Amino acid sequence: MSTMVDNITKTMNATHAQNATVYPEHLSAQIIWKCVPPMLLVIGITGNVLSLLVMRGKSLRPSSASIYLRYLAIADTSTLVLGVFPVWIRALTTVDVTALHPWTCKLHVYFLYSAGDCAVWVIVAVTVDRFLSVTFPFKAKLWCTKRRALISCVVITFVALLVKNSHLLWTRGFQYDATGAVCGVARKEFAFFETVIRSWIGFILYAFIPILSIIILNSLIAFGLHKAQHQRQNLFGSSSSQAVTETANFRSSTYMLLALSLAFVVLVTPSITVLLLSPYWVVTPHDRALEELLQAITDSLVYTNHSINFFLYCLTGKGFRREFFLLIGIKSRQVMPEPREGGSDPNRVVGNSARE
């Protein structure tokens, strides 16, 4: 999450900005920040609210995954409002609503980073939940419960607010230059930590570890489901209706997990890359203008990651689509077995799991 506000803070460097504004890259970046944010806000907030409503559906509500995904919808919405709205206002009016007071600088970046961290790590948590359900099906009823999901969400919030990002309350604030005060590093002695060390910490905790964990766990989930499917076919016969149903569930669940992982990797990696490499190549005002354009593009991709989960759920989750259609009254409810708490049936749960 450090990517987005760091990029915004850098953009506010007055000396560079004045020189960079003469280049077309700067103008292009401003156009992006004027046009893209309202679309992201409308699509993202609407989709996240719909996700919250659909997750209350009768077939989804009993599963532990519903807790994680409702939490994710809240974290994504918070990230969008805190991240996109101030940038949009500044692009339209040149007024930085986060720089009204030193504490607005501190609190804005503090809650934005924390919301982004929560959104990322709850995806890891729900992937772990599904991995346990598939790998240890007989223990899932004890391990993968709604109570444990709630505890996990509380722990994620606690770590984000009180451990990882608490330093922002004293390292961030007003940064003074020839044009006045802007949001930035509060004191010079914090500059190296904020611009270099914390960037790498953000890369490791926001991107590298989550991406690696999700890829490994999803691979193990896919392997476990494939193995379970093969065993069921041997037991019931490949032509049985149960085998056909389980095969469909397997494919739907696997595609859903892969889509989520791929979306996160593709949409977040470019912004992290720009953040890490910018200090080493941005020298001239033209470099700065080009950096602004790259930041505008890659940060928009990051915010897109917080806006599209509802559509990923609909595209890849049969259970989610069914509940959404019921919510908007397209078709009547089909009779279907209720999932047990924690989704201890790994074959049905994965349909409810990472995104259904």
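Numbering starts at 1 and runs along the chain as displayed.
Placement of Cβ uses the backbone N, Cα and C atoms for every residue, glycine included.
Annotation comment: TrEMBL describes 47-313 as domain 'G-protein coupled receptors family 1 profile'.
The annotation region 'Disordered' is assigned in TrEMBL to 337-356.
With a cut-off of 8 Å between Cβ atoms, the residues of this chain six or more beyond the transmembrane segment (31-55) that come close are 61, 66, 69-70, 72-74, 76-77, 80-81, 84-85, 87-88, 90-92, 293, 296-297, 300, 303-304, 306-311, 313, 320, 323-324, 327. Residues or ranges marked as transmembrane segment by TrEMBL: 31-55 (among others).
The transmembrane segment feature in TrEMBL is assigned to 67-89 (among others). Using a Cβ-Cβ cut-off under 8 Å and counting only residues 6 or more beyond its ends in the same chain, the transmembrane segment (67-89) has close neighbours at 1, 4-5, 8, 33-34, 37-38, 40-41, 44-45, 48-49, 51-52, 55, 95-98, 108, 111-112, 115-116, 118-119, 122-123, 125-126, 129, 146, 149-150, 152-153, 299, 303, 306-307, 309, 313, 355.
Residues or ranges marked as transmembrane segment by TrEMBL: 109-128 (among others).
Summarising the annotation, TrEMBL assigns transmembrane segment to 149-170 (among others). Non-local neighbours of the transmembrane segment (149-170) in the same chain are 64-65, 67-68, 71, 106-107, 109-110, 113-115, 117-118, 121-122, 125, 129, 186, 201, 205; each lies 6+ residues outside the stretch with a CB under 8 Å from one of its CB atoms.
According to TrEMBL, the transmembrane segment annotation covers 200-225 (among others).
Taken from TrEMBL, the feature transmembrane segment covers 257-281 (among others).
The transmembrane segment annotation in TrEMBL covers 293-315 (among others).
200-225 is the stretch from 200-225, 257-281, 293-315 with the greatest number of Cβ pairs below 8 Å to the transmembrane segment (109-128).
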